[in-house]
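The ATP binding site feature in TrEMBL is assigned to B:Arg106, B:Lys146, B:151-157, B:181-184, B:Glu189, B:His212, B:269-270. The feature domain 'ATP-grasp' is assigned by TrEMBL to B:110-299.
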2 protein chains.
Amino acid sequence: MSETKTIRTVGILGGGQLGRMLALAGARLGLASVVFCPDEASPAFDVAREAFIADYDDEQALADFAASVDVVTYEFENVPAATAAFLEARVPVRPGRLALETSQDRLTEKTFLSGLGIPTAPFRAVLDKAELAAALEEIGYPAILKTRRFGYDGKGQVKIRGPQDVDTAIEAMRGAPAILEGLVPFAREISVIAARGLDGTSITFDVPENEHRDHILKFSRVPADISEPTAAAARAIGAKVAEALDYVGVVAVELFVVEGADGETLVANEIAPRVHNSGHWTETACVISQFEAHMRAVAGLPLAAPTRHSDVVMENLIGDDVAAVPRILAEPGASLHLYGKSEVRAGRKMGHVNRITPRRV
Amino acid sequence: MSETKTIRTVGILGGGQLGRMLALAGARLGLASVVFCPDEASPAFDVAREAFIADYDDEQALADFAASVDVVTYEFENVPAATAAFLEARVPVRPGRLALETSQDRLTEKTFLSGLGIPTAPFRAVLDKAELAAALEEIGYPAILKTRRFGYDGKGQVKIRGPQDVDTAIEAMRGAPAILEGLVPFAREISVIAARGLDGTSITFDVPENEHRDHILKFSRVPADISEPTAAAARAIGAKVAEALDYVGVVAVELFVVEGADGETLVANEIAPRVHNSGHWTETACVISQFEAHMRAVAGLPLAAPTRHSDVVMENLIGDDVAAVPRILAEPGASLHLYGKSEVRAGRKMGHVNRITPRRV
């Protein structure tokens, strides 16, 4: 597509486990990574050629970072718009700003999905109590009030079961713009992980079925317990979203499976413009992981069919779950991945384990 | 076995592709790597927490290196004895000195193997032309004269087809102590990759069949075209060698398969006290790679059965072979690993590709 110089060094904004796994995957392609993160204890620093410890609005550090890399990517969707713009003026940023702008705001995101003809939960913008009352009038109970920005792992959202929850919900938004969403009566949660190359070619990984606990992903299972047409529909959504965002890299779309009289239908929940926790199983069960697919795309390299050789269950190790590590290490068929975080905290993602079994089909 | 503190940081002597792949595998276990290598362009530096660029006899650098890690391992067998001794006085070195001493000298190595009852080619020590003549008298033609130390990839060895080759051969040794070995009429070459933990438990990977070109490994295929008893005998040799060396980590033994009237027999060629090129396929076709097995052992973590989920062919990308990279990237079922070496040279190992297919048995 566009003329590009050979990419040897990739800059990664964000130094958590996703950045770390991107750097590891890049290394297998011969790429060096430079990681930018304000937190000096960032797990990704240990596997990077160079680390920038600075705030995302530190323009001198950002300029030096941009000068030291051939392309920039990121591991989290809340990259400040000003940071992305500053970097884009100096070096390609992939995926581009459209993906960040679309996914950073739940209202923009749902409007974007609806515009593509992809079903979502019913939603209304809510700025104050009066708007919330009007929105509840249309959507009904139960519903969920969410801040439009900066929510993850269930943070910044409140369930409204009936009128008695309205005051608490609006207070929890602390004056931030919000969105009211109808509750989707889903049978299961799945996601689609798509990758789109610089040349516009898309691939999608097999669809995992996801199980959350306390709003945090606990298990992803592949194959998911869904029909073949539903799996195909999920892949089509992934490819459509990637195409519409003129995306470069890996994008995940979380989906609800709703069982009705006419069979299964899909409802899109949210878009993550990055590698995704529900794709960690690809590391063990596929020839090419989501991390490698992302780094290939970002580096302008071709993608390839992400052949899955095994069935797999990914289990997140959260907080004290790491106590099971000695047992997991001795378990045949278990592939452990620890993120090198020294401090164990409740709710903190410490690692994951992929357990594979022979592919049934 | 011994009391050990929790290991978080592993020092690696040698910064080539093996050190790089060890560091990458360590990272997946949450371990940080510190790499010591005299070459400032070492591929492993890009994925290490810290790099020491210094000679192996630089005691100040070695002392600082030892102080910055919890354990030391190495990616090559020619670690100077003085370096190993200096480090051992400060920090555990795994595998230990016995493995280095045994494998650094072809005469010691073959004597060790024979002592374990493991067949080798007939061999005689050769210091000068008179001893060569006597050795040839016993072993006969054709035979191979090799320097006892510092040989790899066919370097430091000369084939003697008849009396006409004797002068050239002895001159090629440049006065270095040598060993004359009889030529083994092998049907195929295989290897066994064993790993032994700090607790004395051994595992062995499935046995690859190896094909060399110009004395450099080109392909490893798994499963090998050998009988089940031969595979079991190879594994037993791997475990026996590891046990006899009180080994901690991954050790490879190269073996010749000789076909006779009584079926297949095995002849040991050499021991590599490190991860081995003929084990690179484990990265894609097994749940635990040879690199992870080595890092687990070195860090005192338990080993587990290295389940192989797929059949696989590993191809080394040597020198100009990297021209095929764009094609390989687009190939379904191909897992590419590049070592991040910027300069392409004839005979230089630039990367490898593992091509997997469904497991037949």
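Quick reminder: no glycine exception, Cβ is built from N, Cα and C everywhere.
Annotated features, which come from TrEMBL, shown on the structure.
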residue: B:Arg106; record: ATP binding site; DSSP class: helix
residue: B:Lys155; record: ATP binding site; DSSP class: coil
residue: B:Glu181; record: ATP binding site; DSSP class: strand
residue: B:Asn269; record: ATP binding site; DSSP class: strand
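Here the binding-site residues are B:Arg106, B:Lys155; the one with the fewest Cβ atoms within 10 Å of its Cβ is B:Lys155. Cβ neighbours within 10 Å of B:Asn269 (ATP binding site), excluding its own Cβ and spanning all shown chains: 20. Mean pLDDT for the domain 'ATP-grasp' (B:110-299) in the predicted structure: 95. For B:Val184 (ATP binding site), the same-chain residues lying six or more positions away in sequence with a CB closer than 8 A to its CB are B:Ala121, B:Phe256, B:Val258, B:Val267, B:Asn269.
All protein chains included, B:Glu181 (ATP binding site) registers 22 other Cβ atoms within 10 Å of its own Cβ.
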